[in-house]
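To start, the structure under review is shown below, and the notes come after it.
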Amino acid sequence: MAAAKQIAVFGSTGSIGVNALDVIASSGSANGTSGNSPGGSGQQLAAIALSAHSQCDLLLKQAQQHRPRWVIVTDPAAAKQFDWQYLPVDCELLIGPEALNQIAAERDVDVVLAAIVGSAGLESTWSALANGKTVALANKETLVMAGELIMQLAEKNGGKIVPVDSEHSALFQALHAGKPSEVEKLIITGSGGPFRHTTPMELQQVTVAEALNHPTWNMGPKNTVDSATLMNKALEIIEARWLFDVPAEKISVAIHPQSVVHSMVEFIDGSILAQLSPPDMRMPIQYALNYPDRVPGVAKRLDWTQAFQLEFEPPNPERFPALQLGADCAAKGGTCGAVLSAANEAAVGGFLEGELHFTEIVPACRSILGAHNFEPNPSLETLVELDRWSREEVSRWVCA
């Protein structure tokens, strides 16, 4: 029997991480043994490392089930306050964010699943690619913030990025059907979130609970709010621009409330290829972890014996002004993506804490973008500094 593919799951206590561990367990090899659950045949997967920021209780339970070699807690205070006496004896506890970079470079790690939310996931992804690893990328902010540098790093060191976002996974798969020169357009789909038909006046009264009530996907709070503002699609435009080396003007967004068609590629002959599946993140996670192979699926399938509808409509730019910000940043490049990503992350945090209204998230981002000193070819250090600056500026904007 072939050795199991060793997966470092960074952000294992988040929504993507929990789903990834379900995929790993379903492969029948989370503990090096075979299983009978769906998807238990094919490529065996094992969790060699797990990480969390502060959810130590869930991390401990995951370690007890999957018995990784390393367990990482990036928040030292949370790690020191927790009782680790029941951590399996063969698990090594590492504390601090620098441990992520260390494990990402370990020889025995085959794939790094980058599922840490926000810019906090950048350095470990950088470390993995610098060491020629395959990165299953669920953290869209990494490419939004430093897409050009990340893709150059991967090419230079033999690293590979396989997207986990359902939209970019769909594009990644469909693009295999043609040459880069044959691509006419990338069409990113989105459900439209909970406010697809909400008027601009009604949006001013949106509560946190309403914004977190997504109609089709179960995600963490930050990504759920991004889906409500459609900032997630804005960031995905930037991500696709760098990941697939496609100009911004060839990337568009279509509202698709059923979340079954996960994105489409239109070729120069007019053909459109799409990837379809029920809205279940285990599908793109499984594809990324097993790439380039396909294995029996863990997610349910579409039932073609039953009638169902697929609807598409253009997004309303007045209701979703974030989309134009994303398109502009993708076209301009340079430091714009880093500023937009950080400003949005801080603004969403402010909304969740009750410091900002829902309709102030995008204006805050637009204001910070307009105030920053644009650089067309920034260094990683410049981008990291701009990330910090943008968050501080949002705090000032809130207090103004």
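From the backbone N, Cα and C atoms, a Cβ is placed for every residue, glycine too.
Copied over from TrEMBL, here are the features:
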BINDING   T13, G14, S15, I16, N139, E141, G220  NADPH binding site
BINDING   K140, S166, E167, S191, H214, S227, N232, K233, E236  1-deoxy-D-xylulose 5-phosphate binding site
BINDING   D165, E167, E236  Mn(2+) binding site
DOMAIN    7-147  domain '1-deoxy-D-xylulose 5-phosphate reductoisomerase N-terminal'
DOMAIN    161-244  domain '1-deoxy-D-xylulose 5-phosphate reductoisomerase C-terminal'
DOMAIN    276-392  domain 'DXP reductoisomerase C-terminal'
So among K140, D165, E167, N232, E236, all listed as binding-site residues, which is physically nearest to I16 (NADPH binding site)? Use the C-alpha atoms.
D165
Taking Cα atoms as reference points, which of the binding-site residues K140, E167, H214, N232, E236 is nearest to G14 (NADPH binding site)?
K140
Please report the DSSP secondary structure of G14 (NADPH binding site), reduced to three states.
coil
As a whole number of Å, the Cα atom of E236 (1-deoxy-D-xylulose 5-phosphate binding site) is distant from the Cα atom of N139 (NADPH binding site) by 11
Minimum Cα separation from N139 (NADPH binding site), reported as the residue among binding-site residues D165, E167, H214, N232 that achieves it:
D165
Taking the residues T13, G14, S15, I16, N139, E141, G220 listed for NADPH, what is the greatest CA to CA distance in Å, to the nearest whole number?
18
Name the secondary structure element type, per DSSP in three states, that contains D165 (Mn(2+) binding site).
coil
As a test of the contact definition, list every same-chain residue at least 6 positions from E141 (NADPH binding site) whose Cβ is closer than 8 Å to its Cβ.
V117, G118, S119, G121, L122, L235, S341, E345
How big is the Cα-to-Cα gap, in Å, between S15 (NADPH binding site) and E167 (1-deoxy-D-xylulose 5-phosphate binding site)?
17
Relative to the Cβ position of K140 (1-deoxy-D-xylulose 5-phosphate binding site), how many further Cβ atoms are located within 10 Å?
28
Rounded mean pLDDT within the domain 'DXP reductoisomerase C-terminal' (276-392) lands at 96
So what sits near T13 (NADPH binding site) in its own chain, CB-to-CB under 8 Å and at least six residues off in sequence?
A52, H53, Q55, L58, L59, Q62
In sequence order, which residues at least six apart in the same chain have a CB under 8 Å from the CB of D165 (Mn(2+) binding site)?
L137, A138, K140, E236, E239, P284
Surrounding CB atoms that lie within 10 Å of the CB of H214 (1-deoxy-D-xylulose 5-phosphate binding site), all protein chains
18
Hey, which of the binding-site residues S15, N139, N232 is the loneliest by Cβ count within 10 Å?
S15
